[in-house]
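Taken verbatim from TrEMBL:
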type	residues	note
COILED	62-89	coiled coil
DOMAIN	151-358	domain 'Aminoacyl-transfer RNA synthetases class-II family profile'
BINDING	Thr250, Arg281, Glu304	L-serine binding site
BINDING	Arg281, Lys282, Glu283, Val297, His298, Gln299, Phe300	ATP binding site
Amino acid sequence: MLDIADFVSDRGGNPNKVKESQRKRFASENVVDEVLALYEGARRGMFFEDIITSPKKNKEDASSLLEEKAVLERRKKEAEDLAFEKERQRDSKLRTIGNYVHDSVPVSNNEVGLYHLLKVSFGKEADMSYKDDNVVVKTWVPENVIVEKRDCLSHHEVLTRLDGYDPERGVKIVGHRGYCLTGYGLFLNLALINYGLEFLWGKGYKPNQPPQFMLKDMMAKTAQLEQFDEELYKVTESEDKSTDKYLIATSEQPLSALHDGEWLQDKDLPIKYAGYSTCYRKEAGAHGKDAWGIFRVHQFEKIEQFVLTKPEQSWEAFEEMMATSEEFYKSLGLPYQIVAIVSGALNNAASKKYDLEA
């Protein structure tokens, strides 16, 4: 989440910049004013506490205050409690405010799916004007290959004919969007996983297979509130809520918690992880979208690039990760397009998002 200093002019922040970013997200601007009000409320509480305690600490004449010791101690406790509660409310509000939206992000609240094939000239990369709100910023096809829309079998139809995919029995076992990978489908999945990990290992990434579930308080640091209801599966061990756990929706979630509470030195950065995990998603908010085949399923494997770096080097790391992703797709000979996602579809942690679609 953003630091409170980003909101406070006296600390070098600019609340109007935060509001502008919120407008781009089509999110509430009022929450910025609410955070500032809670910040000032907490400061007033701490200031009152200082008025009471500083004469004692400095061994100055506090006789006038000590005469009302009982009253002052009670008021001090009330001020401390108020300041603590204001800080708690402030931090809770802060977690609902998104990261700064990058200037290059297309501003729109209408994310339209781009699930079709483009006809592209031989082996060329090109900037593409596009009618949908998501923007195709780049395309690539192998040399001497034409990509065009035509009648052909979908991926799940090909897998079924190869006996690599069994949706009927998967649905029987687990319900909606269940499936089994079998034969060549399973071998292909495992081969891509191994190739992807080795590819990233060669780029300086350390492979990491993190836990597949997280404590609720750790998940809350990396997932938005609405994700708990729409996306995450809850695992309950007992009536003790502190032991509640959630299945991960991406390895990004546990990877982002790996160094929680640690101090990282500049000399140790960047830290690069190749995360591999099974991902679990309820997909409650995605009914009717990409319903065919192995899209929007509840369980799948994924390999992910995750980099910890200094803030001033974050965009350099972003571009490097995109270049690595492109190189990986090119090594497989897969045509792809890079799509800039609209501002209204960004999650709170994202400043900018590209989808690389094969």
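Cβ from N, Cα, C; glycine included.
Residues within less than 8 Å, Cβ to Cβ, of Glu304 (L-serine binding site) and separated from it by at least 6 positions along the same chain comprise Thr250, Ser251, Glu252, Leu255, Ala274, Gly275, Tyr276, Ser277. The most densely surrounded of the binding-site residues Arg281, Lys282, His298 is Arg281 (count of other Cβ atoms within 10 A of its Cβ). Other residues of the same chain near the ATP site, with their Cβ within 8 Å of the Cβ centroid of Arg281, Lys282, Glu283, Val297, His298, Gln299, Phe300, are Arg177, Cys279, Tyr280, Arg296. Sequence-distant contacts of Val297 (ATP binding site), defined as residues of its own chain at least six apart whose C-beta falls under 8 angstroms from its C-beta, comprise Arg177, Gly178, Tyr179, Arg281, Glu283. Phe300 (ATP binding site): 16 other CB atoms within 10 A of its CB, across all protein chains. Ranked by Cβ neighbours within 10 A across all protein chains shown, the binding-site residues Thr250, Gln299 are led by Thr250. Report note: the L-serine site is defined by Thr250, Arg281, Glu304, and the residues of the same chain whose CB lies within 8 Å of the CB centroid of those residues, excluding them, are Ile248, Ala249, Ser251, Glu252, Gln253, Ser277, Cys279, Lys302. In the three-state DSSP reading, Gln299 (ATP binding site) counts as strand.
Computed over the coiled coil (62-89), the whole-number mean pLDDT of the model equals 71. All protein chains considered, the CB of Glu283 (ATP binding site) has 17 other CB atoms within 10 Å.
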